[in-house]
Amino acid sequence: MKVVICGAGQVGFGIAERLASEQNDVSIVDASPRRIQIATDQLDVRGVVGHGSHPDVLARAGIEQADMLIAVTLHDEVNMVACQVGHSLFNVPTKVARIRAQTYLQPEWRSMLSRDHMPIDVVISPEIEVGEMVLRRLSLPGAVDTVSFGDGSVVIAGVLCGEACPVVDTPLTQLTQLFPDLPATIVAINRNGKVMATRSSDQIQTGDIAYFVAPADQVGRTLSIFGHDEIPAKRIIIGGGGNIGLYVAQELEKRNAAARIKVVESNRERAQAIAEGLSRSVVLHGDSLAREILDEAGVADSDTMIALTNDDRVNILSCLLAKQLGAQRILALVNEQGYAGFAHGLGIDAYVNPRQITVSKVLQHVRRGRIRGVHSLLDGAGEMIEAEALETSPLVGRPLRDIDLLKGMRIGAVVRNGVVMRPSGDTVVRAQDRVVLFALADDIKRVEQLFRVSLEFF
């Protein structure tokens, strides 16, 4: 696949890194020569210095042959115009635009971004995607990772198995016997930084992060089996009042009437601005790394501290300070995968990685076949995938035990007409079923083959 990416910042670089690693033909455009130099030095991509919405610059990037244009600069208007140019002058099949300003995304104005008005096929808002991930973590405090598929009917959750975890050293087949009525399936394990698909003979070890698939209404019960029955937070401190912090605070005010929210923002003008946009939250002007500010926010009595500034180090350190001062749980926004790798070891209860979240959103549209959802694990080592089974799919009409699935794949659930089914060897997938599965990176091409439209269909 030929892909042109406009914007070589954190988001654009992350997308380019992932797509290039999968042997796609990637060109990346940015006005900064330094960013292009970094991208071409570190990645197998073609770099072009220039304005991402200029036709001549896009032409130099090879837009005429592109299958997809991904515009993720920091400027919404540049992204919009780039998509318009890609459509009108170069007939690019798929256009993806990053939109940051919330006014464009309001329901009354969003139709402007539809194909009928502005030729944007996919709108991504990393700030909203990250904000929603934070909100999901708050609703499931026992999980270190979570995503929902099947129109919200299915949840995938990662859970840390500590020394007190009741199911450590128990074979997965025995778990099924112990809890026969629990419709949850463990599909993957992260062990010492390496992710693997599970088999029935596997045992969970202390320190593992187990990923399970369960109906949304059974996630709490499943977490309790792993020894996690934490109560969702009510007293919440948010460090950082940027777009993500403001979105999380606003949504908490709407969704959680019992929540008591404090927002700490270091910029005085920004603090005043977000205070005007919030109704029940208390906004404090100050540094979230300052002990006196955290004390003023009531950190000793808080349930959760969330650090959402643009600086990974500030987020990690402010969370650790908050925990030392009495916060029950801490959640940090971490952009650099290197920091994310040791976050749990430092005592960070959970973290969100904006780059990984955005890449997952883009991959949903890069993957071939009827792929409805993608959630990347461990910086691309594996993926949770939701796909629609077609009449011509090799999965349809045969018991799962007769399907030649690779060792790096594991089916976690089948959704039929809104009903979530736990898969067994006797399960027969039907056309239009939604299948939720895990696949290692090397086996994703096989997943695409299973869910692609066969030429025989036509």
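Each Cβ is built from the backbone N, Cα and C atoms, and glycine gets one as well.
Remember, it's a predicted structure, so these values are computed and weren't measured experimentally.
According to DSSP, the secondary structure content of the domain 'RCK N-terminal 1' (1-124) in residues is 52 helix, 27 strand, 45 coil. Among the features that Swiss-Prot reports, domain 'RCK N-terminal 1' is placed at 1-124.
The NAD(+) 1 binding site annotation in Swiss-Prot covers G7, A8, G9, Q10, V11, D30, T73, L74, R98. For G7 (NAD(+) 1 binding site), the Cβ neighbour count at a 10 Å cut-off comes to 27, with all displayed protein chains included.
Secondary structure of the domain 'RCK C-terminal 1' (144-228) per DSSP, as helix, strand and coil residue counts: 20 helix, 32 strand, 33 coil. Among the features that Swiss-Prot reports, domain 'RCK C-terminal 1' is placed at 144-228, with the record citing sequence analysis.
Residues annotated as domain 'RCK N-terminal 2' in Swiss-Prot, with sequence analysis given as evidence: 233-352. In the predicted structure, the domain 'RCK N-terminal 2' (233-352) carries a mean pLDDT of 93.
Secondary structure from DSSP puts N243 (NAD(+) 2 binding site) in a helix. Under the heading NAD(+) 2 binding site, Swiss-Prot lists 235-266.
Annotation source Swiss-Prot lists domain 'RCK C-terminal 2' at 372-453.
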For each of the binding-site residues (G9, G239), count the other CB atoms lying within 10 A of its CB, then report the residue with the highest count.
G239
Give me the largest Cα to Cα distance among G7, A8, G9, Q10, V11, D30, T73, L74, R98, the residues the record lists as binding NAD(+) 1, in Å as a whole number.
15
Quick check: which same-chain residues outside G7, A8, G9, Q10, V11, D30, T73, L74, R98 lie with their CB within 8 A of the centre of the NAD(+) 1 site CB atoms?
C6, G12, F13, V72
Assigned conformation of A259 (NAD(+) 2 binding site) - DSSP reduced to three states:
coil
So of V11, A259, V263, which of the binding-site residues has the fewest other Cβ atoms within 10 Å around its own Cβ?
A259
Given the binding-site residues R235, G239, N243, R255, A259, find the one whose Cα is closest in space to the Cα of G7 (NAD(+) 1 binding site).
N243
